[in-house]
Amino acid sequence: MSTMTDRYAVIGNPIAHSKSPDIHARFAAQTQQDMRYEPLLAPLDGFLATVQDFVRNGGKGVNVTVPFKLEAYALATTLTERARAAGAVNTLKFDGADMLGDNTDGFGLVSDIVRNAKVEIANKSVLLLGAGGAARGVLLPLLHEQPARLVLANRTHSKALDLAHRFAAQPRLKVSTFADLDDSFDIVINATAASLASEVPPISPRVFTAHTLAYDMMYGAQPTAFMRFAAQHGATVRDGLGMLVEQAAESFYLWRGVRPETAAVFAELRAQL
């Protein structure tokens, strides 16, 4: 390996499970970029020191995962519009003293739905379940697609309302509790953590029809509980593996100026699950 090889990393805690090094190694080989990408475990109180050490040693950029996305947001000297809207950063690009903070999660979600699943968001009714960090991270890119309406639903109305207020200039954005959902939707996106516990958000099956795409931002070897529930009520289902690959491709493009092809990488990762 030449000393000129550019260094990138993903920082998190835990980090051993991350698929990002595998994804970016495939992107680099495909696009013939001279770079390496490694997982970095940061102590829970050591994110800043880990980043500073990485930059000192020639690091060009990092992806940031749980639990450091808010710290990355605070650390960035410049923020993209979508990072400001998300209130969190999953991608940092280093250029001298400048640290550009971006958030590619929403881009990844929209790309997977529109390009890969071939489902348009424009002029559709969209239901986004959850009002935490995952939901906030994708709201602006979803709204940019110009849905006919986007309903933000959460167990507690006040938390959904607080998040919606950050996007007050968006007349398409409505708020609901899970219990009050009664309409059907073209696209239903699960941004809650319920799937981690093999649970389903407490929503009426009436939100699904035979024409609904039910999308879980989680992924695994088997369909999630949310996907099984949606499929039982007629929906087409999709998990978040494609979102993971597409958000990685956007980070790669931000760093390298080259957009990798994602289809083969997605297929290889799916086969490994």
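Any Cβ shown, glycine's included, is placed from N, Cα and C.
Within its own chain, LYS69 (active site, proton acceptor) has ALA88, VAL89, ASN90, ASN103, GLY133 as residues 6 or more apart in sequence whose C-beta sits under 8 angstroms from its own. Here Swiss-Prot flags LYS69 as active site, proton acceptor.
Counting Cβ atoms from all protein chains shown, THR65 (shikimate binding site) has 19 others lying within 10 Å of its own Cβ. THR65 (shikimate binding site) carries neither a helix nor a strand DSSP state and counts as coil. For SER18, LYS19, SER20, THR65, ASN90, ASP105, TYR219, the entry in Swiss-Prot reads shikimate binding site, with the evidence type sequence analysis.
Listed in sequence order, there are no same-chain residues at least 6 apart in sequence whose CB falls under 8 Å from the CB of SER158 (NADP(+) binding site). Among the features that Swiss-Prot reports, NADP(+) binding site is placed at GLU81, GLY130, ALA131, GLY132, GLY133, ALA134, ASN154, ARG155, THR156, HIS157, SER158, LYS159, MET217, GLY240.
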Structural state of ASN90 (shikimate binding site), classified by DSSP into three states: coil
Intrachain C-beta neighbours of LYS19 (shikimate binding site), sequence separation six or more, cut-off 8 angstroms: LEU244, LEU269
Secondary structure of GLU81 (NADP(+) binding site) (DSSP, helix/strand/coil): helix
